[in-house]
Amino acid sequence: MNSNVPTKQCQYGADCYRVNPVHFREYSHPHIENVLAKASSLKDVKIPDTLNINKSVFEEQLKIVSKLFPSLSSEPNHNPEKKVKIDDNRSSPTPLNMPTASTSNAEPKASSSSTSTSKNSIDALFAERRARMQAAQREKPAPAPAPVQPAPPQSVPEPASNSSNTGISLQQSLPRDINSYFPVVAPRGRMAEKLAAAAPYNFFLTTITASKPTHTEPLSITFQELLDASLGQLESSVQMNFMVDIGWLLAHYFFAGYENVPLLVLYGDETPELKMVSKKKPNVTAVKVDIKTPFGVHHTKMGLYGYRDGSMRIVISTANLYEDDWHNRTQGLWVSPRLPAVPEGSDTNYGESVTDFRANLLAYLEAYKLPQLQPWIARLRKTDFSDIKVCLVASVPGGHVNTPKGPLWGHPRLGHLLAQHAAPIDDTCPLVAQSSSIGSLGPSPESWVLAEIMASFRKDSAPVGIRRQPGFRMIYPSYSNVRQSHDGLLGGGCLPYVRNTHVKQEWLKDYLHQWCSRTRHRNKAMPHIKTYCRWSHRGLYWFLLTSANLSKSAWGVYNKTGRFEKPLRINSYEIGVLFLPKLMLDENFFPMDGNKKHPAFPMPYDVPIVPYAPEDTPFLMDYLTQ
């Protein structure tokens with residue numbers, strides 16, 4: 001029909017429910033293209049009376065195809081998609097129909113209803129998902145009638161007799177069978193048992209849809225399991241993230257039986273649905289976290305869960321709250337033990353962890369200066385954190401100087417903790433960094449990585465003296481890694497590193513290593529996880545799981561000019577947890593192979609790591625336009 005339209009047809013045909021422009025650039029949809037071809041403009045399109053999918057989804061698909069292939073109709077090729085800030089790289093070209101991503105932290109747009117530009121966007125909040133479920137229901141054989149049985153405690157609640165006061169009614173939008181909505185569903189009621197078995201590390205990876213071994217792996221979890229009733233009866237919760245597909249998130253709460261439980265969402269990436277959801281769902285409060293600097297983003301990924309018995313739980317992860325990040329991407333999560341309320345009349349210091357986790361978390365939350373967080377700050381002060389053995393490592397935007405207790409944020413904070421608690425480390429032991437994006441690092445390794453990052457990350461508790469500079473290694477997927485992924489080149493959609501940045505720091509290739517995770521059945525699941533660690537043949541000295549990519553915006557950079565500027569400048573919100581063997585096991589190392597005394601630390605990738613071959617190149621977002 002048109003030379004620009006892809007020749008490969010979408011396998012779902014007229015049942016296709018996607019609203020991601022990348023999908024329509026890759027696959028042809030004749031039923032949409034034919035409708036556009038018959039109209040002189042998009043305004044004149046006649047929508048068929050018989051549609052296989054929701055009408056609002058079809059209208060969105062028409063807009064996308066008409067913009068991608070304007071010759072199909074005479075509609076002007078506008079591009080209303082939001083542009084995300086670029087870190088130290090404002091002039092870099094943005095690949096067509098791909099997210100404009102910060103080379104430090106910003107992430108690709110969700111392929112969900114968040115791309116909708118409909119004025120009445122709240123009405124289409126669940127439209128794509130409803131279409132997806134309807135398609136799944138048509139493909140499933142009709143079940144045989146079954147006798148009605150009493151609903152178990154974990155069953156989905158019955159629809160309310162009068163839903164007019166609840167705004168969006170999820171019961172009207174979702175099927176009662178959770179298996180037709182989420183691709184991987186774990187058995188109910190077992191998460192507390194799984195968490196207990198994961199001690200002492202409590203470190204999980206997300207399940208991978210296309211890798212069946214991960215569906216039953218003890219250290220793999222789904223988002224739904226974070227809401228499992230075995231962890232506690234939820235009273236209220238907070239979800240803090242960069243990108244949030246509110247329809248996907250609320251569906252999880254619905255199936256867990258918490259549709260009307262108070263939920264506070266702090267997010268970085270604006271969507272029409274998030275702006276309007278509070279009007280339709282009174283129990284949901286959505287607040288955009290504004291950042292003054294144009295290079296910063298709210299990149300933190302953390303959940304606070306408050307239970308009816310007064311206890312709490314903290315979850316820190318690397319995953320955005322939308323479907324793709326929990327589908328075929330490797331993500332990491334740390335799930336805290338259940339944290340009871342402190343006894344009435346206790347001293348204010350009662351219940352602090354050996355790592356000062358509570359004080360550091362309170363300082364982090366107070367940095368937001370948001371009234372919506374004040375009830376949670378008050379609750380945290382009355383929560384017992386003594387069972388937590390990890391350290392909090394966070395970043396908040398602004399200029400920072402050291403406090404009497406040492407640095408609070410960024411890479412100096414990590415260095416301070418290592419100097420206090422890490423066993424002496426042989427200088428031949430390299431730092432291994434691994435992230436899903438890479439910032440503008442400077443024209444040479446000495447510009448920032450060796451001068452600042454290594455100066456902090458190399459620290460340990462050995463007496464100060466003359467030391468060799470440890471080696472530096474960087475795990476970042478190569479083009480060949482992404483090409484063989486579960487989603488092909490589209491698997492690189494979570495890796496927003498662009499050519500315009502890479503050509504300014506080609507020295508980095510000498511430090512790059514492949515993504516390999518055969519042991520964890522994730523070799524083809526591209527990593528959105530971010531980790532930093534050091535190990536030798538003796539064991540793992542320390543391990544950091546964090547939202548922070550290797551970038552100045554995330555970790556901070558010292559100001560070297562100006563008399564009145566603060567010495568450390570950070571642009572983004574980030575948060576992570578540091579595992580230190582001295583504090584967790586009273587040992588100098590985490591075992592990497594396991595022993596009779598302690599389980600092996602669950603590394604997310606294979607060790608030893610594999611360097612790039614001479615012909616390898618890091619995956620660049622630009623490849624998705626070629």
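Note that Cβ sites are derived from N, Cα and C of the backbone, with glycine treated the same way.
TrEMBL does not curate its annotations; it predicts them automatically.
Residues or ranges marked as active site, nucleophile in TrEMBL: HIS299.
Among the features that TrEMBL reports, active site, proton donor/acceptor is placed at HIS528. Here the Cβ of HIS528 (active site, proton donor/acceptor) has 27 other Cβ atoms within 10 Å, regardless of which shown protein chain they belong to.
Annotation source TrEMBL lists substrate binding site at LYS301, LYS530.
Positions annotated as compositional bias 'Basic and acidic residues' by TrEMBL: 78-90 (among others).
Look at TrEMBL and you will find 102-121 tagged as compositional bias 'Low complexity'.
What TrEMBL lists as compositional bias 'Basic and acidic residues' is 126-141 (among others).
The compositional bias 'Pro residues' feature in TrEMBL is assigned to 142-156.
Under the heading domain 'PBZ-type', TrEMBL lists 9-31.
According to TrEMBL, the region 'Disordered' annotation covers 71-170.
By a simple count of nearby Cβ atoms, those within 10 Å, the most crowded of the recorded positions HIS299, LYS301, LYS530 is HIS299. For LYS530 (substrate binding site) paired with HIS299 (active site, nucleophile), the C-alpha to C-alpha distance reads 12 Å. On the 0 to 100 pLDDT scale, the domain 'PBZ-type' (9-31) averages 78 in the predicted structure. Cα of HIS528 (active site, proton donor/acceptor) to Cα of HIS299 (active site, nucleophile): a span of 13 Å.
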